[in-house]
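Below you'll find the structure, written out as structure tokens, and then a few comments.
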């Protein structure tokens, strides 16, 4: 490449967002050019238009390469590598502000095998993606006639590049030169480049890829308003019911305190005061429970921080930046997992805290990496572009072993020493209170389904927009909406779990028995479902734990 070059060091660990030691060009990465300086056209992937996730390398089809010397591409971020971005140099000679008339850059020797490959791609509506200065460009491979018998390949790439000063702000591609695919012929591939001055600011150059009519549709606004009103109604209803119930119970318990010991012994405890000796009993599986709560607290922190960063910075303008940010924040917030999980495990009398620390540290990474590696083997079998390179897998494992685990250990030690002592407002009875039989509608399975309706109803519209951007050709950018939905969902989850806790505390001795399944109702995709499960298990537990502690603190119990 022309101009001065410099070297970047790939750090395989905490800052392993550039993993290969390769020469790079400052211009493309700083997005500034001088006249007649080289502009690189990268070829990325090709695949069926109706399935965005099925992608292959561009040159997996028998396209030819230009005559210019090959340039290797390195992964700028870990997220870019994990998303299967494998840029390959097109070989086209493009220089800043230097127009190129239609020029043949290579020829395809079309034998029967190559023709069959192109015909298959055209029948399945294959599109390809390219990049110029990080701006994505899409083009179609070819088309068939009305009868579907003859197939044609687009051979002429007509590029129109807009510039503002020394920066590229716009790129458009027009496919022309339709040529019929006939075996044992030569097909000439050509291109042209036209430069035009543009008034688009560099900061606004991605606006053309956004879809405000879709993401800012009135239905989106209505869903936010509907969820907000539901929160107001639910909070008001819960507050009114609890205030009336608790006021009566506190009045009764105050009268009991004025009685002498004989009258108090003759009377029976009733209401939620009956279970004061069991409500703070440790869970039946404290190690797994505390690990789930710690993981949920960490995921909540990651979600909150990443959304804030996405609102401040336009992460969608850089390939893989969102995933890279999420990985970085997740690693940095590992002490949160250790602190909350370790302190809760210590409060419940757990002694094998090292094992609990390992489970909490690797619970989510093992699930995510295991699923990703399994999918990776499938991608490798089909030679898909989303196959993760071996070096990237090693980098992820190094992050887990040398960053997440030590930070989780620090958090666990702090949690056990600072807040690991049991400070329950009531003592726990040695013998558990027998649980009476309950109605069918009070069974946990029924309450789990009913308890998940409101949280799911508060976010399902937003989940539609998120997954539409994931599976379709849209860029999600309304992170303000996402933050509002996250806050609304947390409030709804806490309110729902408090209502159910107030009822089921008569029969169960530990908290968050129902909130553990709220995320299962919410989740749609497997990985996101797993994370939401732990996130809102933690949210529900924290809310109900604070509520239960509060009501029992205000009651005098002998």
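The backbone N, Cα and C atoms fix where each Cβ goes, glycine too.
As stated in TrEMBL, the feature transmembrane segment covers range 358-382 out of the listed 258-282, 358-382.
In TrEMBL, the annotation transmembrane segment applies to 388-410, one of the ranges 181-203, 388-410.
By the count of Cβ pairs under 8 Å, the stretch nearest in packing to the transmembrane segment (221-243) among 323-346, 358-382, 445-470 is 445-470.
Using a Cβ-Cβ cut-off under 8 Å and counting only residues 6 or more beyond its ends in the same chain, the transmembrane segment (323-346) has close neighbours at 14, 17, 77-80, 82-83, 286-287, 289-291, 293-295, 297-298, 301-302, 305-306, 309-310, 315, 353, 356-357, 360-361, 399, 403-405, 407-416, 418-421, 538.
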